Amino acid sequence: MQQLLQRWVDRRWLRALDAQLPLTLNQVVAEPNPLVWLLCALLCHQYGRGHSCILLQDLIKNPDSLLSLPPQNQYSQFFADRPSHILAGISLADIEQALASSEWLKQNEIAPLVLAEKRLYLHRLFQAEQIVKQQISQRVQQQINLTDKVKQNISQLFTADEQKETDWQKLACVMALQRHFAIITGGPGTGKTTTVVKLLALLLQSTASKITIKLAAPTGKAAVRLTESISGAIANLPTDFQAAIPTEVVTLHRLLGAMPNRRQFKHNAEQPLALDVLVVDEASMVDLEMMAALLQALPSHARLILLGDKDQLASVEAGSVLGDLCRGAEKGQYLPQTLALLAPFTASDLSPWQGAGTELNQATVMLRKSHRFDAKSGIGQLAFAVNRGDSSAINLFNQFDDINLLAGNQIKALQPVVVAGYRHYLQLVQRQADYGDSEQWAGAVLAAYTQFQLLCALRSGDWGIEGLNEQISRWLMAEGLLDCSQQWYNGRPIMMQRNNYSLGLMNGDIGITLFDASTGKLRVVFQLADSSLKWVLPSRLSDIATVFAMTVHKSQGSEFSHCCLVLPPDNSPILSRELLYTGITRAKKQFTLLCGNSEILAQTISKRVSRSSGL
Ligand SMILES: Nc1ncnc2c1ncn2[C@@H]1O[C@H](COP(=O)(O)OP(=O)(O)OP(=O)(O)O)[C@@H](O)[C@H]1O
């Protein structure tokens, strides 16, 4: 088995780490059954691809899907090494029996693998999933009755809805007020922030005692964005509802008290967070282990409200927590008793949303109307069409001015778009003298940088961020907008690739390198979650990458006025409907697509990401 795993690693069907895991475990407790070795390596590989577990059914039905196999014609000479060949004739019962008699799965605290409900897990992921399940089911069951005062306040904050259109923002508040756990999901501009601000106002008005509310987001960028949008939403409230709603948003790592080089956080079940209400925005980016850590650190009386777009790409790390929790959100699935609680707050007919949903469905609301994108917006229409898997979405590019399909299948087609997109911020980089001080200048440069972003699906190759970052730097240098002959240069945009706790910078944070004429030094300026600026010498930064081109994965939680997305001309397992939808919805005013092959676009729209989990 060891040799087979090594052959898979040599051909890049498996990561070296995946083949190493059974070897390491075997050194601690010997496992004679090669089938268990195989399952362990495949499980580790699936974990690396974001799955929380392996469904044994999938293993029997389509074992080849558990490896990173190239297209069939590229490995036909190795057919005998495919998992489907190796596992031919092995039944589900054989697998279950092999696992049941393995020391690696013995029911104890330190068993590295766990089999539960025909799903094979790494112990850590199993534990995290159990915590998320238990914590959420406890919280959704705690019901709170609405007082007359709260009901009055609801009618003050929301106008009575018309019969033909349900005000889901109002109903989201009504539902969330009655539980200790609520999910408010919806696409861009559907009013998640507006709704949660009203919800917080209602919570603050409903109690005479002081309540501590905290706002958090998975990344610094998402935290900055929420700070801005929440301040705007508070300003839209009647003045007597505005008091005490917080605007400070922290990252989840900071909230939980991340410690350098440690997996554990300062806050946990023994040292819970000191708060009564926690709002987490961009919850689609929160992975399974982080969600478990967060729920464990939440005091039992506290309310948790998750906001996010369930249709976006799942978290970079394993799990698709929000997507899993929102299964059924589209149809509502509300029980008659839930509809009875909602009925006094709406004149519209709620019967289409009736169903036999779970308790969790009763705590989940999907906002359905975008207030940012109307029927005239190509971005809104395109996002909607892609999201429902409409392969004729490509025709929309002919009908709207705010979406643009670049002709041709050459990277060169990007040049004018990218040069025009980055010109504005790079010109500001040269104009320090126009600003009163360095802070003002840096603030203007950082704001200008959000005007445009090139997004890619891939990391490597000419069509990935690696090739494109180099290419774009050369185009911009040819235009006289920068001089990239040195590694560090004025205007270089960089992204952190890892958390750096000593500098207080997180994976995904973007900084711009600026030459400060007053000091004669190059420094990189970042905007922190609290909107303040942090200046860092380039020599103190490691694990960074130039970010003229950014992967769609890394762009989650950010928005740009104009986004240009590049899809490669060849198929890749990474292309999916969720990736395209996430790329499109990063654009606020203009979206441009370069896709060298219309067949690839159709395939991308039709392919959904599905992550195995037991949630
Ligand atoms: N019911 C409403 N009527 C009119 N305008 C609304 C309504 N709800 C929200 N808006 C406006 O729509 C815009 C987007 O709202 P909001 O920021 O709350 O949405 P969101 O779902 O949080 O957006 P995103 O997550 O994409 O940033 C804001 O300008 C807001 O004022």
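Heads up, the Cβ atoms here are built off N, Cα and C, so glycines get one too.
Unlike curated records, TrEMBL annotations are generated automatically.
Residues or ranges marked as domain 'AAA+ ATPase' by TrEMBL: 178-345.
For Gly187 (ATP binding site), applying a Cβ distance below 8 Å and a minimum sequence separation of six or more within one chain yields Asp309, Asp311, Leu367, Ser370, Ala383, Phe384, Asn387, Thr585. Feature annotation from TrEMBL assigns ATP binding site to Gly186, Gly187, Pro188, Gly189, Thr190, Gly191, Lys192, Thr193.
Across the residues of the domain 'AAA+ ATPase' (178-345), the predicted structure has a mean pLDDT of 92.
Listed in sequence order, the residues Asp309, Leu367, Ser370, His371, Arg372 complete the 8 Å Cβ shell around the ATP site centroid, once Gly186, Gly187, Pro188, Gly189, Thr190, Gly191, Lys192, Thr193 themselves are left out.
For Gly191 (ATP binding site), the number of other Cβ atoms no farther than 10 Å from its own Cβ, over all displayed protein chains, is 22. Its Cβ placed at the centre, Thr193 (ATP binding site) has 22 other Cβ atoms within 10 Å. The secondary structure of Gly186 (ATP binding site), as reduced to three states from DSSP, is extended strand. Counting other CB atoms no more than 10 Å from each candidate's CB, the binding-site residues Gly186, Pro188, Gly189 peak at Gly186. In this structure, Lys192 (ATP binding site) is part of a helix by DSSP.
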